[in-house]
Amino acid sequence: MLLGVNIDHIAVLREARKVADPDPLDALGICKRARADQITIHLREDRRHMHDMDAKNIIELSALPVNLECATEPSMIDIACRLRPHRVTLVPEKREEVTTEGGLAVTGEQTRLQEAIKRLQEKEIEVSLFIDPASDAVKASSDLGVEWIEFHTGKYANIYAMLYSNLSKTHHSIPELKLPRSVLKKMLEEELESLSALSAEARVLGLKVAAGHGLNYHNVQAVAQIEEIEELNIGQSIIARSVYTGLEQAILDMKSLL
């Protein structure tokens, strides 16, 4: 199982004080030393954490492959084509969201996606689509000719958190998941079964499969056991643990679970 370490939250910490430190660039050598397989960054349209210079420096200087997440807006594709990372993962964006809330509406945005994918692949950039776990999204992704899909695991992570953490007792509780434990357990089981079946479906169609969003040290193993998933992209939980253990140990701890 490959691990892509998302270092966005280093930039989040920097932007909390609008200063120059910590610099996400400093994480590159640590990630490599800890045997991460990939660096993942999200250059958002609103530049709320990573900025253009961050993306440029990271892509140019990283010894590990860089997976650049970005929206399908032509201006963002312009940047991706200029920087030429190893891979671009196309993601949906809403300016008001705290984090990416769901997968791309692949079946409803095919014209825009086709143009973005064509431009990226002409620059010999691998393309991945960040999608919800749904059969129609898998099929549409295959039809678009991309190399990868990445399943949005946010629903699985939210159910797990409401079931096995104290999230339900905090102000971050998820109202629609305030359900009996027996119901949540069934939902969690169904979500994992769906991820497994859809990953197998994707592999039959020739797609490589990644997954990410909300994965942490408590919930990751069940997803990592799905054989058809080749890669996990994980960020916030690793950066959060690094506050206490250091980044290298936090990555090693995650690698030990995969």
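Yeah, the Cβs are placed from backbone N, Cα and C, and that goes for glycine too.
Noted in Swiss-Prot for the protein shown:
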type     : residues                  : note
ACT_SITE : H42                       : active site, proton acceptor
ACT_SITE : E69                       : active site, proton acceptor
ACT_SITE : H213                      : active site, proton donor
BINDING  : N6, R17, G214, G235, Q236 : 3-amino-2-oxopropyl phosphate binding site
BINDING  : D8, H9, R44, H49, T99     : 1-deoxy-D-xylulose 5-phosphate binding site
SITE     : E150                      : site 'Transition state stabilizer'
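Structural mapping of features recorded in Swiss-Prot.
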{"residue": "N6", "record": "3-amino-2-oxopropyl phosphate binding site", "DSSP class": "strand"}
{"residue": "R17", "record": "3-amino-2-oxopropyl phosphate binding site", "DSSP class": "coil"}
{"residue": "R44", "record": "1-deoxy-D-xylulose 5-phosphate binding site", "DSSP class": "coil"}
{"residue": "H49", "record": "1-deoxy-D-xylulose 5-phosphate binding site", "DSSP class": "coil"}
{"residue": "E69", "record": "active site, proton acceptor", "DSSP class": "strand"}
{"residue": "G214", "record": "3-amino-2-oxopropyl phosphate binding site", "DSSP class": "coil"}
{"residue": "G235", "record": "3-amino-2-oxopropyl phosphate binding site", "DSSP class": "coil"}
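Considering other CB atoms within 10 Å as the measure, the emptiest surroundings among the recorded positions R17, H42, H213 are those of R17. The recorded positions under consideration are D8, E69, E150. Their Cβ neighbour counts within 10 Å are lowest for D8. N6 (3-amino-2-oxopropyl phosphate binding site) sits 8 Å from H42 (active site, proton acceptor), counting Cα to Cα. Annotation: G235, Q236 are the recorded positions among D8, H9, R17, H42, G235, Q236 whose CA atoms are within 10 angstroms of the CA of the residue listed as 'active site, proton donor'.
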